[in-house]
Amino acid sequence: MATDTVEARRLQRETHHEADVVVVGAGIFGCAIAYALAQQGRSVLLLERWMSEPDRIVGELLQPGGIQALKRLGLGHCVDGIDSITCRGYNVIYQGRPVLIPYPTMDERGGVPHQWSGAGKEGKRETGKGFHHGRFVTRLREACLGHPNITVRETEAVRAVRGEHSDHVLGVETRTTDPATRKKTPDYFFGQLTIVADGYDSKFRKEVTADKPVARSKFFALELRDARLPAPGYGHVIIGDAYPILLYQIGTHETRVLFDVPHNIPEAAPAAGGVKNYLANHAIPALPESVRPSALAALEAEKLRSMPNSWLPPTRQVPRGMVVLGDATNMRHPLTGAGMTVAFNDAALLADLLHPDRTPSLADDGAVQAALRTLYWRRKNYTAILNVLAQALYALFAASDPQLHALRMGCFEYFRRGITDGPCGMLGGIIHRPVVLAYHFFSVAFLGIWMHFLETVTSGPGPLGILKAPLAVIDAVLILAKACVVFLPLIWREGFR
Ligand SMILES: Cc1cc2nc3c(=O)[nH]c(=O)nc-3n(C[C@H](O)[C@H](O)[C@H](O)COP(=O)(O)OP(=O)(O)OC[C@H]3O[C@@H](n4cnc5c(N)ncnc54)[C@H](O)[C@@H]3O)c2cc1C
């Protein structure tokens, strides 16, 4: 595009607050989509309420599938120069017993040769990155600030602006705070299309759906100094002796620990000493011994911070000038660290669908609606896997009933037998084939049932245990029924609706 056109469009944005696209929220999704559309030559206004570096406990582990999408968006450099730490997979510790599940080996075409069973020994492996969320978001914002087709403004969007004679959205009304007086003044920004990515506590969600996020637990966070992880370079998931705990390095000296605390558990009730009591007496003792001293020190020194762990299945939208995306309309439990991977893949896919060659005018509602319809179904190739895995693994790992316990045992044994490339390729956002998830889901269920059967019939004195076989068969039916009741509605909602 000629320099004078770029300059004219910049003036149009700065003087008249008009662009092809208005993006609300310069977080993970907002920066990614703003940058991708600007790269295609669109003129973009990016609005963010707080431009200072975010200080949050979310979005600190980016899966390999997220790194791949980030590179496709032209933003791969944003994980450099922020003291990010390479992550090679997971170390799952179940009742003190560890099993390492590295990200899978890949073939030359980017496929996972052992996705159905086993694990490759040799070959290239993709890796993830751990980092401080704020540093990463600052890098994304710098990329947007430096783009000639983007103008970034610090202002808070408060409502959509509609035409007088139609419900077509023309842009947003905002409040801009004067830094000297702190006085807020109204402002307006207009675009052919408004893309809202205002995060988990979205103000704009109600414009497109009546659904509300469901949260049954919170993550409480501490930042550990120089923690000694049993398997450096791996994210750690600790299960079995407490509610699930995550540990991953986010800087040379810093490790994030996230403790899942379900709502209303007696161990964390105010009368029992609150969440601090649960952490000190139940969760920290479940950590690997080498990590406990730094966790106790952080518990003493730091203020506990928390975030709700929400599930919000995706929404079908028929945009008339505005679409709401990112966490605002789709969330999953953060146990598997999948949110940013979903967001970057969504941004890359949406940008492809809105490319000027395909969708010449963003003012064409029919064309934008067709793009959104395609996005809704095509993104299921990865979201059905990442969202279902997050919810299903949380249900298993936080389980308190005997059937889910049996399935959890099956899951751990599955990994212990070395069937890790498929599961970790899905967790890493590298495998985009929901049928692989269905295959591993039923394999784990049947392994759990078989192990429970063996445990039951071998638990009696001598050969008499075999008399318990009918009981074991009833248990098998109950376990399978439980698996279906808990997981099939989830698979149906995320995969087919
Ligand atoms: C405890 C926890 C841990 C997590 N850990 C991980 C992890 O390790 N890996 C991972 O991939 N995902 C993780 N996630 C999920 C991940 O953080 C989100 O999926 C991701 O941040 C969503 O991006 P977003 O752009 O939709 O929202 P956000 O990143 O929250 O961005 C929203 C932006 O919009 C701005 N904004 C909000 N309202 C307005 C307004 N009215 N006007 C202007 N601007 C506005 C906000 O200031 C913010 O900058 C975690 C989530 C939780 C709860």
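Each Cβ is built from the backbone N, Cα and C atoms, and glycine gets one as well.
All TrEMBL annotations are machine predictions without curation.
Since the structure is predicted, the reported quantities are computational estimates derived from the model, not experimental observations.
If you check TrEMBL, you get these features:
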- 20-49: domain 'FAD dependent oxidoreductase' (DOMAIN)
- 21-38: transmembrane segment (TRANSMEM)
- 191-456: domain 'Squalene epoxidase' (DOMAIN)
- 382-399: transmembrane segment (TRANSMEM)
- 435-453: transmembrane segment (TRANSMEM)
- 473-492: transmembrane segment (TRANSMEM)
Stretch contact, the transmembrane segment (473-492) with the transmembrane segment (382-399), Cβ-Cβ under 8 Å, 3+ pairs:
yes
Long-range environment of the transmembrane segment (21-38) - Cβ separation under 8 angstroms, sequence gap at least 6:
44-48, 51, 54, 59, 70, 73-75, 137, 140-141, 143-144, 147-150, 152, 157, 171-172, 189-199, 204, 325-327, 339-340, 343-344, 346-348, 350-351, 354, 362
What is the pLDDT of the domain 'Squalene epoxidase' (191-456) when averaged and given as a whole number?
96
Per DSSP, what is the residue tally for the domain 'FAD dependent oxidoreductase' (20-49) in helix, strand and coil?
12 helix, 10 strand, 8 coil
